[in-house]
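Some features that Swiss-Prot has for this protein:
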DOMAIN    2-216  domain 'Glutamine amidotransferase type-1'
ACT_SITE  C88  active site, nucleophile
ACT_SITE  H196  active site
ACT_SITE  E198  active site
Amino acid sequence: MRVAIIDYGSGNLRSATKAFERAAHESGISAEIDLTCDAQRVASADRIVLPGVGAYADCRRGLDAVPGMVEALNDTVLKKARPFLGICVGMQLMSERGLEKTVTNGLGWIAGDVREMVPSDASLKIPQIGWNRIHVKHSHPIFDGIPAGDDGLHAYFVHSYMLDAKNASDVLAVTDYGGDVTAAVGRDNMVGTQFHPEKSQLLGLSLIANFLKWKP
C-alpha cells in the first residue's frame, strides 16, 4: 500500500510523514509513505493525505499551483473513491468556500463554509492553540478504539476558523471551545480532522492507524 502525502508547500510535512511511518510500523501495516508534489503519483496512490496550515486562500493557491493536482484529487477521491484524509486546513479545503478575509472556493466535497470562530466565552482566545477533547457525533472507523468524550484522549488544535457544515451527518466529531466546533468531518471515502493527528500523540497515532486500515 502506498500513501501519498501531498506536498504543496503547506503543512507539517516532516512530522506528518514520521507519524504515518510510526503508526504503520507499530500497527504492523505494510505501507510506503510517499511525500510527493507529483500529481501522477497522487493519482496512483492507494490512500491520499492532504495536510495544510496557514490561511485558507494561501493553501488553495498553493494547491492550484501544482500542475494537475486538483484534477488528480477530484478524479482519485471522487471518481475512484480512494480513501482520503484532510488535516487542519487540508480538511477545511474539503468545504465549498473559505471566508477568511476574502471568499475562496474550496474543493466542494463537504457542503458548508469555513468561517471565523466566535466562542460564547469571551475569555477564550483566538486562535485555539492546544489540547482539547473530542466528542464523536457519528461513529466512524477512524475513531475505533479511541477513547473520546469527557474522559477521552486529547487532540492538538491550532486554528482560528472552523468548518460550518450544512449537513449534520457530515460532522463526525466536535470539540468544545465556547460552543461546538467541528473537529472531524466525513462522508463516503473521505474524512478530515481540524486537529493535527501528527501532533496528537496516542489519539493521533491511533487515528492514523485506523485510517490506514479503513476500507470504505
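Heads up, the Cβ atoms here are built off N, Cα and C, so glycines get one too.
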Whole-number Å value for how far C88 (active site, nucleophile) lies from H196 (active site) (Cα to Cα): 6
Chain-internal residues near E198 (active site), provided their CB is under 8 angstroms and they sit 6+ positions away: N12, S15, A16, K18, A19, F20, P51, I87, G204, I208
Most crowded position, judged by CB atoms within 10 A, among C88, H196 as active-site residues: C88
Overall pLDDT for the domain 'Glutamine amidotransferase type-1' (2-216), taken as the rounded mean: 96
